[in-house]
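Per Swiss-Prot, these features apply:
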- 66-86: transmembrane segment (TRANSMEM)
- 116-136: transmembrane segment (TRANSMEM)
- 210-230: transmembrane segment (TRANSMEM)
- 258-278: transmembrane segment (TRANSMEM)
- 288-308: transmembrane segment (TRANSMEM)
- 357-377: transmembrane segment (TRANSMEM)
- 412-432: transmembrane segment (TRANSMEM)
- 489-511: transmembrane segment (TRANSMEM)
- 527-547: transmembrane segment (TRANSMEM)
- 602-622: transmembrane segment (TRANSMEM)
- 645-665: transmembrane segment (TRANSMEM)
- 678-698: transmembrane segment (TRANSMEM)
Amino acid sequence: MGEIATEFTPVMDDDDDRCVVPEVELTVPKTDDSTLPVLTFRMWVLGIGACIVLSFINQFFWYRTMPLSITGISAQIAVVPLGHLMARVLPTKRFLEGTRFQFTLNPGAFNVKEHVLITIFANSGAGSVYATHILSAIKLYYKRSLPFLPAFLVMITTQILGFGWAGLFRKHLVEPGEMWWPSNLVQVSLFGALHEKEKKSRGGMSRTQFFLIVLVASFAYYIFPGYLFTMLTSISWVCWLNPKSILVNQLGSGEHGLGIGSIGFDWVTISAYLGSPLASPLFASVNVAIGFVLVMYIVTPVCYWLNIYDAKTFPIFSSQLFMGNGSRYDVLSIIDSKFHLDRVVYSRTGSINMSTFFAVTYGLGFATLSATIVHVLVFNGSDLWKQTRGAFQKNKKMDIHTRIMKKNYREVPLWWFLVILLLNIALIMFISVHYNATVQLPWWGVLLACAIAISFTPLIGVIAATTNQAPGLNIITEYVIGYIYPERPVANMCFKVYGYISMTQALTFISDFKLGHYMKIPPRSMFMAQVAGTLVAVVVYTGTAWWLMEEIPHLCDTSLLPSDSQWTCPMDRVFFDASVIWGLVGPRRVFGDLGEYSNVNWFFLVGAIAPLLVWLATKMFPAQTWIAKIHIPVLVGATAMMPPATAVNFTSWLIVAFIFGHFIFKYRRVWWTKYNYVLSGGLDAGSAFMTILLFLALGRKGIEVQWWGNSGDRDTCPLASCPTAKGVVVKGCPVF
């Protein structure tokens, strides 16, 4: 049944055993019962089942306008009664007793370690398979056929490649107490609420009771933003002041404009793109807020009203690509029969244009890349070097949780990860040669993508482990291959998923390892659950995506879908546009000497200088401790999810993050310690369960409630996407 020791490890709470991060000290228990069975029959059944269900549901909702992401927390809660039921009804008989292969279907009470591994399976299903974007782009946007086998191989190799990078860097990103991975504390707290025998204080309630109340309330409430009153998703009241004014619409729209005053009374809107605001450290939330305000309320409007890059010819906020006259760009017309750029048609059609905000976000992506490198070097470089040297030293001071894990369990050998890594790279090389006509990526592109991934994984890992924000570095992969190997959109997409998404997947695995670290799960058992969960998830995600593309008419095609359709695929749209800019047309014709946006490259320099200025300020003014909390990669990368995320997602998220991260944490510390993460889990679960119920009971049958609160334009700002330049004609917009 896995690695079982024979001792219970209590830990005295002296100064040496205190965690360096207060939130971890308040949340994570310092005890371990290493005799608990882990790899049980019910763990495999419930874990694989949860993985299948979440994979299907999340891929199903991936294509929706507000893509609901059902986290592993939902399954974490749902399996508890099932686990206890199996513990009561399964036979306790031992099979093959007396041999090394003996096992039982029921080793006793359902325990927290089984529960954690089931959740790891669920997390595999909850995390998206990013390579499905390639399927969507080719089949739905480029309107090309795609064989299933190479598509599936790309999907599975993308996910598995991250294991290799995770194995190489887990010692530096899991064992140190400073690498605390804030979002894991939600699940740790929830495990405590579901398994601890907690005594209710007089006049209060246990965490389990509190969780159930939140779950029921969230479940009941979500019928309003999810079905009866969808306007609650984005209330843009500023537009009501003058609904016929384009300026007012641009300022107030939460979905198509700057979102001033816009707010969503919908947990899905709040947590859709940035995750739970209750799990974000205050300093990270402040950095996100500053970055959002700078971009949305200073840089974007200034650039727009100064008409930089003919900004007024296009919407102020859009991820679409445009022609010089403001009309949509016909991408399919510039592709030749070999799926390459048709240069003759492109020169006749004209260059690609984009909205001001879209151009600014690309510039911020450039700045985030250089800022990440410089920030980690100046603020964390010495620590990383010390950890690297100390990895081979004995008797060094370790975090209390690391000491418990090393005492009770065997580590996962590095060679396990290396074997997976090398075999996976070999398979990718085979794909690039044998299916080159489909993937367009040469063998040397595979090696270059791996080099980028292995270089940036530790840098982004440090940021994610300490701030709960992972700056997106997809632009570097797109930029590099776009210059070296232009005019091939599929090659660009494949290079991005191998170079960038494998790194993201690695950080997911490392985060799960940290969860196992906190919950004292045998590392080898954790490894097995991660590998199995990933394989199951890839199969289900691929099958679901393939089915939906065949099942839903005009999926993702906003020109043919009804105006109130929920199948608009905002994330796939951004991915497709990126493949056009970086892959089909190439960065040289957009951001290089042949393009109109070459000045955006100055953001690279700005991003590199900014962390140096902050670092110098910390040295010049050491008494001002707030300066060290200015985190440039998080600040400039705050809007990395925009688009497809919109202003209302950020404004709503920030309000909740400040309420709980500052006021409640500061003035109601006892309440925060006991209930904060449990509240987050309850809101997630309630919204998710009601969403599933609404779809199964009403959505599949097309039953709708028609009234002004459910109109197609949910944020009531119909003119927010209108251009303001003279003579530009767009359907539904006034002409100046």
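The backbone N, Cα and C atoms fix where each Cβ goes, glycine too.
A contact between the transmembrane segment (66-86) and the transmembrane segment (258-278) is present, since 3 or more of their C-beta pairs, 6 or more residues apart, lie under 8 Å. Between the transmembrane segment (258-278) and the transmembrane segment (678-698) there are 3 or more Cβ pairs closer than 8 Å, counting only residues 6 or more apart in sequence, so the two stretches are in contact.
Sequence-distant contacts of the transmembrane segment (489-511), counting only residues of its own chain at least 6 positions beyond either end whose CB sits under 8 Å from a CB of the stretch, comprise 123, 127, 130-131, 133-134, 137-138, 142, 154, 157-159, 161-166, 169-170, 173-174, 181, 183-184, 339, 428, 438-442, 445-446, 448-450, 452-453, 456-457, 460-461, 464-465, 470, 472-474, 476-478, 480-482, 530, 575, 578-580, 582-584. At the 8 Å Cβ threshold, with sequence separation of at least 6, the transmembrane segment (527-547) lacks contact with the transmembrane segment (678-698), having fewer than 3 such pairs. Below 8 A, the CB atoms of the transmembrane segment (645-665) and the transmembrane segment (357-377) form no more than two pairs separated by six or more positions in the chain, fewer than 3 in all.
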